[in-house]
Amino acid sequence: MGLNHLTLVCSAIALLSIFVVSQAGVTSTHVRVSEPSEEMPLETFPPPACYNAPEQVHITQGDHAGRGMIISWVTPLNEDGSNVVTYWIANSDGSDNKSALATTSSYRYFNYTSGYLYHATIKGLETLYNYMSNPKGQAVLFAGDLSYADDHPNHDQRKWDSYGRFVEPSAAYQPWIWAAGNHEIDYAESIPHKVHLHFGTKSNELQLTSSYSPLTQLMDELKKVNRSETPWLIVLVHAPWYNSNNYHYMEGESMRVTFEPWFVENKVDIVFAGHVHAYERSERISNIQYNITDGMSTPVKDQNAPVYITIGDGGNIEGIANNFIDPQPSYSAFREASFGHAILEIKNRTHAHYTWHRNKEDEFIPEAVIADSIWLKNRYYLREEETS
């Protein structure tokens, strides 16, 4: 994928804001007005009316080199031709059509029977100039907690179908790369499945399973990243490692203690997390000299460390997390109890511009408001420079 301009939209989704500034950072006094959280009924996104029409179409990156794409969709029936994807070069006359066969599966879960699930991998793709210059964003990063099906009896799988239709207008046209959250953990009716954790970078996605040492997998995966081809190293987790909100405080600590030294050593640029339903951005800090068990140790600024961004604020049925710790810790640069989304524009191999947008809340605010922004400098190429 071209490096001249890459845009990532991150979500987990007052005209004048007043900020409280401390030695630590900024705590926005803007708090989203608490309103009843109403879940959309299943009928809001019904199945398509056409016979055996594909639905819930979504794409995600399909290889480590950025030249593959996985196309996924669902149909009610498994008929001849339902498992074939036809594709061609953009702006061509269609005479060079190619096709890819998809794997097919279905499943039962309590009293639910799925449609037929298809996954086709297209390989050997080239990046076109009109795609590289697309201002709409080339990928969406989602840090977990998607449909909240697990909040319903028997983890109502119809919610996944409804969610798939809901996001299709975006997910069918730009790759979504997501981490699995706690709301994605489903269990068999009697025996729990193995827990999965997902890590992603710009050019790949790593799935960690309990059958293989996550640390060993992470070490192996980080060694594969060629920073001359993939200058920016971005990681997705679900539970944040640096979180100054009383909600889910220090729930990611055991993971941080295990993995953080490797993130610093390999100069990871950004770590995005969800889980906490608010927004927070850290300084470049590390705590690799400590093994925190009581929360009393203090992280230090470290220009080899990532910026940690909690962006679990994309909207949900559980409400906003508006209980920040006071005083604001020194590692916290900016935090706000609102819903929003972020845009990361990778300008080149050394610089990226990051903005966090507070979602529109009422009719008097015409669009999302940029409440936080920062220029980021690549840790691999500009490792000794300050980031702001």
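Cβ from N, Cα, C; glycine included.
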Name the one residue among His30, His58, His64, His277 that Swiss-Prot lists for the same Fe cation site as Asp145, Tyr148.
His277
His275, Val276, His277 bind substrate in Swiss-Prot, but which of Asn182, Asn348, Asn359, Asn378 does that record place at the same site?
Asn182
Recorded positions compared (Asn97, Asn111, Asn182, Asn348) - the one with the fewest other Cβ atoms within 10 Å:
Asn111
Using a 10 Å radius around its CB, how many other CB atoms surround Asp145 (Fe cation binding site)?
23
In the chain carrying His275 (substrate binding site), residues 6 or more apart in sequence that have Cβ under 8 angstroms from it:
Ala143, Gly144, Asp145, Gly181, Asn182, His238, Ala239, Pro240, His248, Glu251, Gly252, Thr310, Gly312
Cβ-Cβ neighbours of Val276 (substrate binding site) (radius 10 Å):
27
Cβ packing number for Asn226 (N-linked glycosylation site), 10 Å threshold:
11
